[in-house]
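Scroll down for the structure; my scribbles are underneath it.
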Amino acid sequence: MSVDHKVRDLTLAEAGRHQIRLAEHEMPGLMALRAEFGDSQPLKGARIAGSLHMTVQTAVLIETLTALGAEVRWASCNIYSTQDEAAAAVVVGPNGTPEDPQGVPVFAWKGETLEEYWDCTEQILTWPGGPGEGANMILDDGGDATMLVHKGKEWEAAGQVPPTTEEDSEEFGVFKALVRRTLAQDPQKWTTVAAGIKGVTEETTTGVHRLYQLAEAGELLFPAINVNDSVTKSKFDNKYGCRHSLIDGLNRATDVLIGGKVAVVAGYGDVGKGCAESLRGQGARVIVTEIDPICALQAAMDGYQVARLDSVVDQADIIITSTGCFNVVTAEHMQQMKNKAILANIGHFDNEIDMAGLARVPGITKTEIKPQVHEWTFEDGESIIVLSEGRLMNLGNATGHPSFVMSNSFSNQTIAQIELFTKTDEYVDEEGAPTVETLPKHLDEKVAQLHLDALGVELTELTKEQAEYLGVDVAGPYKPEHYRY
Ligand code: NAI
């Protein structure tokens, strides 16, 4: 059996398999779902196009989806986030060899160019076989696979891809070129792909924003489940995951002592809360920037100074962006930063830091200290250190979140894929238009439940009388929809 793939090196598979085996032990939610649904095969017939960081934890997700009956093709959703040994292990599969791979098609390696990135994304949506045999589900992180289908179809209907302009980012220019090429090969490619898709499950805040925008504009082509806003995703992965992996990225990239330093965290949402806590845990003096008075007040009550970046940019030793917004750190800011200050982004896209603006500063030079760590030196000889070229640093400079927290996120992903694949018709509004919805609360609670034993948690059980007093069922759900945790 040959397995379609484009990865760094299949001989890394053994190293990847050892890591996957250890990760499985730390991912009780996914393993419980394998045990629960392995026989009934609820994803039989699902052909999932996955665009999500190709890490060891994602390998466990992929092999859970296939254990439940799905066929899968996978790409990473970031040019730097792939762990090459994990990608190799998934292609080779648990029973294959590098000479005779028997696993799942993967198109991902660490350090892709933008052209290669979009080629890989196209590959997951281009299945062998004829009409009706293409992808019928998308599992997305950040919305790039979903955008390719939507923009492809839109530009196909318009008869052309709009010309690339000066306002387009480099990446959007590359994206347009890819769509142009695919339409030259098959003028109906994206209409055909779109018609086959039953739905998408989206992993992250930024991708979810895009989905709600599409739904509001009446342009969403298929139903979506917002996995990010399961409580057991955003209040765990975004917060506790970043609390772990921000520091990991900083240490692997620079190994500077964090204690005593001044660190600025831009954005005090779920990600920012985790980042600020971990920097404080290392003894940094943390300053938060916010645009939302509620989050600003939360940061103040949590004991952080809240200031505008303009006021503190020249005091910071470390600046981290976690806003999901764009142009948060400008080239002007960067020129005011302290000599050798560290600048990094942990938000999904690379536009939080104006890297293009930095490259245009007169007289600037760039030195690679090591891959994904660059020193940018200004004309006066002072320099700043930028991680992962402004792309998300916990995956570019480290290996992302640890397995246990990703088990929560990916249990939500697996359940969302089953929901949407098996109950597609329920995810539309009265007029039959596709909707964006979160998973029902009892499934969110189930994901948490699956992770309690591993941590030795002893959960208190409501008596029947207590449940009646609170107006809930003994078996849950325990909170109303509007509860915020
Ligand atoms: P969120 O919406 O909870 O938090 C973002 C915060 O930034 C908000 O409180 C908002 O008011 C604030 N903000 C927006 N613009 C700002 C500006 N110009 N200056 C200062 N503050 C500003 O979103 P969440 O869940 O914290 O995610 C943030 C980003 O991180 C998203 O792009 C998300 O996709 C990404 N993400 C990255 C992860 C990683 O592993 N690297 C994990 C999870 C999410």
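Any Cβ shown, glycine's included, is placed from N, Cα and C.
Note that TrEMBL annotation is computational and uncurated.
Since we're looking at a predicted model, the values are computed, not measured.
Together with Thr55, Asp141, Lys233, Asp237, the substrate site in TrEMBL holds one more listed residue from Glu85, Glu171, Glu203, which is Glu203. There are 23 other CB atoms within 10 A of the CB of Glu290 (NAD(+) binding site), with all protein chains counted. Among the binding-site residues Thr55, Gly267, Asn394, the residues whose Cβ sits under 6 Å from any atom of ligand 1 are Gly267, Asn394.
Looking at Thr204 (NAD(+) binding site) and Lys233 (substrate binding site), their Cα atoms lie 9 Å from each other. For Lys233 (substrate binding site), the spatially nearest entry among the binding-site residues Thr206, Gly269, Val271, Gly347, Asn394 is Val271, judged by CA separation. Taking the Cα atom of each, Glu290 (NAD(+) binding site) and Thr55 (substrate binding site) are about 31 angstrom apart. Candidate binding-site residues: Gly267, Gly269, Gly347. Fewest other C-beta atoms within 10 angstroms, Gly269. The Cβ neighbour count for Asp237 (substrate binding site), using a 10 Å radius over every protein chain in view, is 28. The two recorded residues, Asp237 (substrate binding site) and Val271 (NAD(+) binding site), have Cα atoms 8 Å apart.
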